[in-house]
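Annotated features, as they stand in TrEMBL:
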ACT_SITE  ARG294  active site
BINDING   GLN110, HIS112, GLU137, HIS275  Zn(2+) binding site
DOMAIN    6-154  domain 'Phosphomannose isomerase type I catalytic'
DOMAIN    170-256  domain 'Phosphomannose isomerase type I helical insertion'
DOMAIN    337-376  domain 'Phosphomannose isomerase type I C-terminal'
Amino acid sequence: MEEVRVFPLACAVQNYAWGKVGLDSEVAKLVLGGDALAVIQDGKPYAELWMGAHPKGDAQIKDNRIAQTTLGQWIAHFPACLGSKVKDTFQGQLPFLFKVLSVNTALSIQAHPNRELAARLHAQFPEHYPDDNHKPEMAIALTHFQGLCGFRPVEEILGFLQSVPEFRALVGNEAAQELRGSAGDTGRARRALKKCFTRMMICEKKVFVDQLNMLVKRVTEEGAAGKDTASSNGELLLRLHSQYPGDIGCFSIYFLNHVLLDPNQAMFLGANEPHAYLHGDCIECMACSDNTVRAGLTPKYIDVNTLCEMLNYSPSPSAAKIFPPVQDASDPCVTVYDPPVPDFTVMRIHVPASMKQYTLAPVDSASILLVIEGDASATSAAALSDISLRRGTVLFVSANESVLMHVTSPSGVTMFRACCLL
């Protein structure tokens, strides 16, 4: 029988505690849209939808003509579906994991190692670092999205050291003075920033818990008295402290940029970039790895020494953290988010209702397509039958295959596509 090379997927859901609950979650809404028989439980968090072949969440194939049950098994049988360049470069593996995240409470402050460090950490501590790959990632907002990302400009950190005495107590006067004296000298500023951050992270638990309690009490009282607490970043502090009381990560808001993304804006998180997602729904794409070095806002293992050594201590404003997409020159429906790593590229495709037909162009890579909004029917020589597309449908498209869509919804169709453009 002729091989089916375009087919729908049923994807794994991760119910991590930080996820949005029930149908407040974009993940849950997409799951229900893709499968009307899915049961969404009211009190349960729906944190992540994993679209890919990662062993911890390998997608199921929804086509009974295909003998293999999961995407990972199918790729292992038919590695040519990846495209020849991708197959050779990434040893017959799908190089990316595509996700939807629905964030209700903050994820841990973390960074991901580069390839060299990942290999070393995996060899030394395989129980904490399960593979030897790097994990660059990109988040594209679906709703208003908040995160912490990268070190703030030095002037902003100095401002908090001045106005938040509890923060200054953890960093110490000597390190704070070094940071003040580093203005205008990039190398010196990085070294001073590293010293300040490390001092805070290695602080004795009793000391930082006492200072945090004093800070929370002060900010709460100032807020109750009608005072503006912005100079202490009060609103964010109290929110994170209510989620992670007594956690050193609460102080990281004075070091890291608070980034606010509008829908379709993105941030790219390269190796060694400290970050945390705080709230909202996003599309995420990443290299296929599970390596995370944590720094706070977490009950999990914190590897302080590795973290403080590896971080990128280059200060920059929050606006610089927003990653700009590019309009595709050959297709007005496509916006391309192409990060500076080979492992993945994401495209946002919006087909207006006025276009009754749209052809998903072939690329020399396997791709995964997620429908966010709208309805269409899809035909492809490689599908061997029509596929109905609606909100929540996930489609695997083998390399060099095109898909013809007939748009049926009055609002058009919006999709995201992940692939690897070498």
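Cβ from N, Cα, C; glycine included.
Annotated features taken from TrEMBL, shown on the structure.
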residue	record	Cβ within 10 Å
GLN110	Zn(2+) binding site	24
HIS112	Zn(2+) binding site	25
GLU137	Zn(2+) binding site	23
HIS275	Zn(2+) binding site	24
ARG294	active site	22
| request: Could you put numbers on the helix, strand and coil content of the domain 'Phosphomannose isomerase type I catalytic' (6-154), residue by residue per DSSP? | output: 40 helix, 41 strand, 68 coil
| said: Looking at the binding-site residues listed here (GLN110, HIS112, GLU137, HIS275), whose Cα lies nearest to that of ARG294 (active site)? | reply: GLN110
| query | In the same chain, outside GLN110, HIS112, GLU137, HIS275, whose C-beta lies within 8 angstroms of the Cβ mean position for the Zn(2+) site? | reply | ALA111, LYS135, LEU269, GLU273, PRO274, THR292
| remark: Over the domain 'Phosphomannose isomerase type I C-terminal' (337-376) the mean pLDDT stands at 97
| Secondary structure content, the domain 'Phosphomannose isomerase type I helical insertion' (170-256) (per DSSP, counts of residues) | 66 helix, 1 strand, 20 coil
| field | Within the domain 'Phosphomannose isomerase type I C-terminal' (337-376), residues counted as helix, strand or coil by DSSP | value | 0 helix, 20 strand, 20 coil
